[in-house]
Amino acid sequence: MNPFSSGTRLRDMIRAIRACKTAAEERAVVRKECADIRALINEDDPHDRHRNLAKLMFIHMLGYPTHFGQMECLKLIASPGFPEKRIGYLGLMLLLDERQEVLMLVTNSLKQDLNHSNQYVVGLALCALGNICSAEMARDLAPEVERLIQFRDPNIRKKAALCSTRIIRKVPDLAENFVNAAASLLKEKHHGVLITGVQLCYELCTINDEALEYFRTKCTEGLIKTLRDITNSAYQPEYDVAGITDPFLHIRLLRLLRVLGQGDADASDLMTDILAQVATKTESNKNAGNAVLYECVETIMAIEDTNSLRVLAINILGRFLSNRDNNIRYVALNMLMKAITFDDQAVQRHRVTILECVKDPDASIRKRALELVTLLVNENNVTQLTKELIDYLEISDEDFKEDLSAKICFIVEKFSPEKLWYIDQMLKVLCEAGKFVKDDVWHALIVVISNASELHGYTVRALYKSVLTYSEQETLVRVAVWCIGEYGDLLVNNVGMLGIEDPITVTESDAVDVIEDAITRHNSDSTTKAMALVALLKLSSRFPSISERIKDIIVKQKGSLLLEMQQRAIEYNSIVDRHKNIRSSLVDRMPVLDEATFNVRRAGSFPASVSTMAKPSVSLQNGVEKLPVAPLVDLLDLDSDDIMAAPSPSGTDFLQDLLGVDLGSSSAQYGATQAPKAGTDLLLDILSIGTPSPAQNSTSSIGLLSIADVNNNPSIALDTLSSPAPPHVATTSSTGMFDLLDGLSPSPSKEATNGPAYAPIVAYESSSLKIEFTFSKTPGNLQTTNVQATFTNLSPNTFTDFIFQAAVPKFLQLHLDPASSNTLLASGSGAITQNLRVTNSQQGKKSLVMRMRIGYKLNGKDVLEEGQVSNFPRGL
């Protein structure tokens, strides 16, 4: 007999496929068999239909397409015999899913079989419906399934309950139809029916709030009694698993009680005793007992429970941490991370065990335990926990050092009791895992060092000793090079010795040796080499006796393949050779970097509630990155070419703070084209924003000069961010310089502002702030409107760092004068005024419209309010 003939049995086809040695042979066998099956389908021979479908199911499991046999499933389902129906329903569940249109044709057959007199046929239909039920089928067949929940046979009731779960997931609107039927299943004695009934109730509670309240009031006590009976029941062989009576039912009941007790104190009180009983009586030496205990802990943590029961639950998790099974330890760590929000002290008792998990060979457990330890750290235990983590950092795997060092740095920055301790711990991390430390961490360390003037000598000596031993740690070398460049004289002269230090002797040549090694080492990157060059330039002034050696090291870098290094070497050599008279002032110590300002810039320029556009940072010469600033255009949802204006709250660049423009490129580009004219406002001229006043022209020229300082010296940028801007004094003199700017005219004086009158408006009002606009026109210039904004504080708290920003469409031009103050007193006891000038290029055709943003600090927290003004008077 040919093994591939139409009469091949399923067993023979499987044997032939398994005998194939290559995938090509297998495809040939399957292709031949599928062709024979298609031929038989076309002949519509009912004799071999069940055999063909069985073959198709096997072929489908191998991954080959079998869509041509879907109609055969429907034909077998419609046949009267039970064997044919069984194969047909099996094929239906395997070859089809709920997205197939063919399912529309099987709904009628399912309805007939659900009403069949043979309970086994009913069971087949329920199984199929529970597996592939679609929303349309659920609506059509829900009444039959609801009726079958009350069927006399427990197997049918069990399958009907599972099928009901599928139906309410697909069509939540049908949930209320199954509430009473589901409640009746909770009284069943048959464990199979009971567990499906509990699952159905659980689904109903998560989908329908009314069902949740119904089960909470009507069924909570019954569920508690059922759980108590199962917990206290005698040995039952048919349900016993490792000494636990039906752990699956235990778990389902606990999950349902968790939903019922969550957010309801009365229901939680009812289940307190049984949860304590389950937690204390369940054995934890087998996996089944651990599963029940875990669900019990989950329930205790979720309900409105007392602290005593939560302490019991946390102690159970502590025992889990000592288990040899990695899965149990992992879930215990996960649960403890949730439990720490409820009872920190109870979790702290297991701190030693959790620390041991950080050293676990399993990577997942190590990472989760490290996250938990980070949550456990506070001001009282930071010293002990940090010591433990740093000790482990020395022997940890390379793969784990990055995560571990990042967490240690986070802990040290957040909880350090003093700067000396902070510096010591950071140096230990840099020594052990310096190459894994991120840039912002060592930047922050430098900021802290610069602020700790009494520790400059101690720090530079500690770094010098560390870099001699751990020269392969790139980040450590960078910090050491920076500190030696800044405080090399303190290193050589042993200035600022602390009692905990041992005296060391370091010569000027020794200090330069460290810098030379950093710049000549083959694996040093460009950042380290650039920082080393800067340090050499600074040491040439601090160590005049070896300035020639320093000069020789700098000259060697003229031949560097890196353009940046070449340029620096040439410029620094010129400074050492030709500009000795200004060298000492050029290489003076950097001004103290403001920690608060640095932290703000590190976290972002705007509050977290304001979305900022991703933008590359601006690299500054000392390696510190300037964070990008979100453009006001994006914040106010206007077109990118709309014109915007706002007064700068500090001495920083107008463009950088408001528009997010690269201040280095803009200033350099302008300087390359022409020299700035004295007394002209270059920024406003470039942007064509409006007509500046002479006083503002002079300050803008100063602002342009400060741009170069910001680029060359980040510390100036940090300082200017926190310094208030000087108020501008309007004057009417020096009008001749405006003739150079294509007919721009000086700002109108108050005496000349007496155009037509317009009614004032309330531009913006919230529960805490009110903004009023008053308007006036300049005679002979109807396109320009003078607006005076008055800001009133309606809240009982004073606003500080107040700033008003605005943006207008591109047919408008906007100019803002400085505000009268940056502090807005509480309860309307004082007001801030600010003058705006709006030029409407389409005056008479389009009305004024403005988007505005108001920022201020309330009790030290940044607050941001936004609004749109569209109720300007007509004619503006």
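Every residue, even glycine, has its Cβ placed from backbone N, Cα and C.
Taken from Swiss-Prot, the feature repeat 'HEAT 1' covers 97-135. Residues or ranges marked as repeat 'HEAT 2' in Swiss-Prot: 136-173. Per Swiss-Prot, repeat 'HEAT 3' is recorded for 248-284. Residues annotated as repeat 'HEAT 4' in Swiss-Prot: 308-345. Look at Swiss-Prot and you will find 346-382 tagged as repeat 'HEAT 5'. The repeat 'HEAT 6' annotation in Swiss-Prot covers 384-417. Per Swiss-Prot, repeat 'HEAT 7' is recorded for 418-454. Positions annotated as repeat 'HEAT 8' by Swiss-Prot: 506-545. If you look up Swiss-Prot, you'll see 560-599 marked as repeat 'HEAT 9'. According to Swiss-Prot, the domain 'GAE' annotation covers 756-873.
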Across the repeat 'HEAT 7' (418-454), what are the DSSP residue counts per state (helix, strand, coil)? 33 helix, 0 strand, 4 coil
Quick check on the repeat 'HEAT 1' (97-135): DSSP residue counts for helix, strand, coil, in that order please. 28 helix, 0 strand, 11 coil
Note the mean pLDDT of the repeat 'HEAT 1' (97-135), expressed as a whole number. 87
Contact set of the repeat 'HEAT 5' (346-382) with the rest of its chain, CB cutoff 8 A exclusive, min separation 6+ beyond the ends, reads 310-311, 314-315, 317-318, 321-322, 326, 329-330, 333-334, 336-337, 339-340, 388-389, 392, 396, 399-400, 403-404, 407, 410-412, 414-417
